[in-house]
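Data block below; observations after.
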Amino acid sequence: MCLLFAAVVASTDAAAVFSILESKKLKLKDNTDTVLEFESATNDPVALVLVIVLTQMLLSAGEPVSASMLALTLAQQIVVGLAGGWLIGKLCVWLLNHHRLEEYGLIPVFILACFVLAAYGSDALGGNILLAAYVSGVVIGNGVRRGREVSKHFFNSLSWLAQALMFIILGLQFFPLAMVGDIWLAILPAVLLMLVARPLAVWLCYLPFRRASWQKQTFIAAIGLKGATPIVFALIPAAAGVPHAQTIMHIVFFVVLISVVLQGWAIEPLAKRLGLKEEPL
């Protein structure tokens, strides 16, 4: 159960960081924002796999689960997700660059169709749906030459609609009176995540990269902002009927709330203090 909770709260939310940066008109030096985006894109698929596997293990208590099976599942998810996203993304780029669509409004529709094919096609083949979606988006976004502006506005509107629907669905899953008793259970995990687990993980990950400044490492260690992703992941064991999953949902909710309030508030003053704020020209 502790491993399941750890897998659920492992995800960070780059979108939450970027929304704060955009609202404050704040730009970061040394590609720090790119690192945060890459982190979220890489740890979310792994966290999803772990949540699903651990949920299945808890539901099949008593049945042996080998480490080799877990490693094989993780490898399959990563390889198929990467390959599926890359192949469909490349195919979409080639088709759009070599076959002109007369109506510009059809370009984002075609990209959306390719995106759905990459994500759910990879998922059907045993790949990771989040990884396939991210890779196909990167390939298409950097390869398509026509209709970039109309596609940008189309997907921006679509993302706002998806976020609104997501928060409506999340709101329907929580009942304030049932959550009050679990507030105190969230304080210790939130403090340990912010002050111990994340700084230690960032320090270990940066050991091979000696050129990264201590200011950049400190900022990334301090701003591991949690967002809606851990709450969505917490719904997986709850929907599957895992015992005490509702308690995990409540704890995750308060961990995310504490992270958004404290780490979200600290982004701008910490960036200024560490000299990472890029001054406008």
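Each Cβ is built from the backbone N, Cα and C atoms, and glycine gets one as well.
What TrEMBL records for this protein:
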DOMAIN    2-272  domain 'Cation/H+ exchanger transmembrane'
TRANSMEM  67-89  transmembrane segment
TRANSMEM  101-120  transmembrane segment
TRANSMEM  126-145  transmembrane segment
TRANSMEM  157-177  transmembrane segment
TRANSMEM  183-207  transmembrane segment
TRANSMEM  219-242  transmembrane segment
TRANSMEM  248-267  transmembrane segment
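Among the stretches 67-89, 101-120, 183-207, 219-242, the one making the largest number of Cβ pairs under 8 Å with the transmembrane segment (126-145) is 67-89. Away from its own ends, the transmembrane segment (67-89) comes close to residues 45-46, 49, 53, 114, 117-119, 121-122, 125-140, 143 of its chain (Cβ-Cβ under 8 Å, at least six residues beyond either end). Long-range contacts of the transmembrane segment (183-207) within its own chain (CB-CB distance under 8 A, at least 6 residues past either end) are made by residues 5, 9, 217, 220-222, 224, 247, 250-255, 258-259, 262-263.
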